[in-house]
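Dumping what TrEMBL says about this protein:
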| type | residues | note |
| --- | --- | --- |
| DOMAIN | 60-366 | domain 'D-isomer specific 2-hydroxyacid dehydrogenase catalytic' |
| BINDING | V121, N145 | substrate binding site |
| DOMAIN | 155-338 | domain 'D-isomer specific 2-hydroxyacid dehydrogenase NAD-binding' |
| BINDING | 200-201, D221, 256-260, T282, D308, 337-340, S382 | NAD(+) binding site |
| SITE | R284 | site 'Important for catalytic activity' |
| SITE | H337 | site 'Important for catalytic activity' |
Amino acid sequence: MSLLNASTAAFKRGIASSALRAQAPNRGMKVLAVLYKGGEAAKQEPRLLGTVENQLGIREWLESQGHEYIVTDDKEGPNSVFQQHLKDAEILITTPFHPGYLTRELVDKAKNLKVCVTAGVGSDHIDLDAAVEKDIQVLEVTGSNVVSVAEQVMMNILLLVRNFVPAHEMIQRGEWQVSDIARNAYDLEGKVIGTLGAGRIGSLVLERLQPFNPKELLYYDYSPLRSDVAAKVRARRVEDLKEFVSQCDIITINAPLHEGTKGLINADLLKHFKKGAWLVNTARGAICNTEDVAAAVESGQLNGYAGDVWNIQPAPKDHPWRYMKNPLGGGNGMTPHYSGTTLDAQARYAAGTKQILENYFKGKPQEPANIIVGVGKYETKSYGQR
Ligand code: NAD
């Protein structure tokens with residue numbers, strides 16, 4: 001089915017469900033979900049719950065209660081299924097992997113919107129200030145994929161430091177020249193490693209780095225580490241950002257995207273990095289300036305950059321992060337955005353989304369940790385110091 005047909009079919013399904021809603025006026029709420037297209041993989045693998053095909057596994061449950069459920073991946077432009085149905089949806093479910101960007105302009109048009117649920121972690125695709133102003137709650141399935149991301153961070157650190165990608169590519173080309181790889185391969189042991197953002201994911205990364213015997217672990221965050229984690233990992237807090245980056249051999253970014261982190265890693269700050277440092281970003285692409293990072297990798301100021309998050313998703317074919325390389329031909333560990341959408345993570349965020357909806361339908365309080373924006377106010381300190 002073409003994208004257009006899929007969108008039309010989805011729209012018609014919405015109309016059909018509206019009829020159902022008319023029969024059950026006290027129960028029917030319009031729930032709109034923007035998910036990523038799973039294609040053949042989603043047909044073969046039902047545990048790919050976060051896809052348009054498998055619909056978070058909640059269609060039957062929602063419809064059995066008389067609710068209308070629109071699911072689409074068609075999210076760009078005023079004629080998209082997303083923007084058409086947003087006009088009267090009460091609940092919006094989105095995922096960071098294929099973000100339905102809820103701008104201030106769209107918030108103004110979403111007259112019936114009461115709740116936004118992020119199936120996953122990270123709600124920067126929603127204009128949170130606009131949600132505060134309009135009394136729209138924003139909820140995440142907090143913690144649902146933090147282990148998945150922390151594991152990815154570990155993999156990304158290791159593949160950069162050990163120069164894995166060029167080694168693997170060499171093997172696939174049918175070649176064998178150990179020195180070409182070994183000349184830029186190091187051990188993680190004895191390195192200074194820092195996390196920018198030391199919340200749930202940052203803490204898990206610090207814990208997982210312990211057995212590698214780093215020289216020192218550092219963190220930069222306006223909130224101190226949870227005391228139990230601080231006692232376990234003995235990471236030193238550095239309060240000045242330039243000082244922080246200048247001391248690290250490896251930096252991992254684990255802070256949300258907000259006005260205080262957007263473009264934070266730019267040419268100015270990159271000058272203060274140790275020459276040849278490695279940078280891992282599984283938080284959000286727009287925390288790093290695209291061109292400045294690419295230039296730093298190309299010049300060798302960064303020995304490598306790895307991550308799964310991009311300033312535009314899906315990333316265009318000519319995005320410089322797809323192709324950038326350090327002067328020795330390595331240093332690129334980019335993947336599509338998938339670290340937080342492992343099958344294990346999908347089971348957790350699908351279940352968490354259902355729980356949030358159930359609480360809302362029954363008028364029960366939400367889990368406090370899941371509330372990013374409550375009615376009329378921020379309920380978290382993670383999205384900037386307010
Ligand atoms: P969290 O709220 O537990 O922790 C975020 C930490 O960042 C907090 O301690 C906060 O104080 C800190 N922070 C905020 N602004 C900062 C700044 N300007 N400088 C330094 N520290 C700052 O969140 P989490 O669960 O650890 O997730 C962090 C982010 O990771 C999410 O917001 C999301 O963007 C990203 N994420 C990515 C994926 C993926 O699949 N790649 C999955 C989940 C989360």
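The backbone N, Cα and C atoms fix where each Cβ goes, and this holds for glycine too.
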How far is it from E259 (NAD(+) binding site) to N145 (substrate binding site), counting Cα to Cα, in Å?
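So the Cα of N145 (substrate binding site) lies 24 Å away from that of E259 (NAD(+) binding site).
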Which binding-site residues of E259, S339, S382 contact ligand 1 in the sense of C-beta under 6 Å?
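Close enough to ligand 1 are S339, S382.
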Check the domain 'D-isomer specific 2-hydroxyacid dehydrogenase catalytic' (60-366) for me and report the mean pLDDT.
97
I'd like the Cβ neighbour count for N145 (substrate binding site), meaning other Cβ atoms within 10 Å of its Cβ, all protein chains included.
27
Nearest to S382 (NAD(+) binding site) in three-dimensional space, by Cα, is which of the recorded positions V121, N145, R284?
V121
Would you mind ranking the binding-site residues V121, L257 by how many other Cβ atoms sit within 10 Å of each Cβ and giving me the lowest?
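Selected from the binding-site residues V121, L257 on minimum Cβ neighbours within 10 Å: L257.
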List, in sequence order, the same-chain residues at least six positions removed whose CB sits under 8 Å from that of R284 (site 'Important for catalytic activity')?
G122, D124, P256, L257, T261, V309
Please report the distance from the Cα of V121 (substrate binding site) to the Cα of R200 (NAD(+) binding site), rounded to the nearest angstrom.
11
Tell me, how many other CB atoms lie within 10 A of the CB of S382 (NAD(+) binding site), whichever protein chain they belong to?
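A 10 Å sphere around the Cβ of S382 (NAD(+) binding site) contains 21 other Cβ atoms.
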Using C-alpha atoms only, work out the spacing between H337 (NAD(+) binding site) and N145 (substrate binding site) and round it to an integer in Å.
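Roughly 13 Å, rounded to the nearest whole number.
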Between D221 (NAD(+) binding site) and N145 (substrate binding site), how far is it from one CA atom to the other, in Å?
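Computed Cα spacing between D221 (NAD(+) binding site) and N145 (substrate binding site) is 21 Å.
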Cα of S339 (NAD(+) binding site) to Cα of N145 (substrate binding site): how many Å, rounded?
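Spelling it out, the Cα of S339 (NAD(+) binding site) and the Cα of N145 (substrate binding site) are 8 Å apart.
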